[in-house]
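Below: one structure, written as structure tokens.
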Amino acid sequence: MADLIMGIDPGTLVCGYAFIRVENRYQIQPHSFGKIKLSQKQALSHRYRQLFTEISTILQREAPKAVVLETQYVHKNPQSTIKLGMARGVLLLAASLQDISVFEYAPNTAKKAAVGKGNASKQQVQLMVSKLLNIQDLLADDNEDIADAFALAMCHAHLAPYQDLKKSLL
């Protein structure tokens, strides 16, 4: 049976998400993808509530085995880092309330899994993911967040077996 993995690229204005199906550890197929658009005119608290509500609905409908997020990283603007961290918290809570396992990877780890180099640009990730999964729609300028979400899900598909091995050795 195939495992369904959800990658999420969090944001305070756009949150990209993508689902992949993984069979026999190596066969990866795209399942579905999209983005949650949040209005800049809304107060931050309302955006977080909308993000929580929409992601909870998606999680309930799709019931993935795992949710994958980027680890927190520090922006040049400390306020942006804090706001993004709160969005990540909302996403972690939504998955946790539905008893879905959450995994986190550094952005450079996800880029390396998708492109082969950890310092790849967003456009390089977008191009490679669209080619690997044969999804031409990802090449649109406003789909970088979705491509990043696919890269995170693919990263977990590749690294999860090694995490299980690591746990068994400890």
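Just so you know, glycine gets a Cβ as well, placed from its N, Cα and C.
Per Swiss-Prot, active site is recorded for ASP9 (among others), and the stated evidence type is sequence analysis. In the structure as shown, the Cβ atom of ASP9 (active site) sits within 10 Å of 25 other Cβ atoms.
Within 10 Å of the C-beta atom of GLU70 (active site) sit 23 other C-beta atoms, taking all shown protein chains into account. Under the heading active site, Swiss-Prot lists GLU70 (among others), citing sequence analysis as support.
The active site feature in Swiss-Prot is assigned to ASP145 (among others). Around the Cβ of ASP145 (active site), 23 further Cβ atoms fall within 10 Å across all displayed protein chains. ASP145 (active site) falls within a helix when secondary structure is assigned with DSSP.
Annotated Mg(2+) 1 binding site per Swiss-Prot: ASP9, ASP145, in sequence order.
Per Swiss-Prot, Mg(2+) 2 binding site is recorded for GLU70, and the stated evidence type is sequence analysis.
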Point to revise | C-alpha spacing of ASP145 (active site) relative to ASP9 (active site), in angstrom | key: 6
Check your understanding: Any idea what the Cα distance is from ASP145 (active site) over to GLU70 (active site), rounded to a whole Å?
Key -> 12
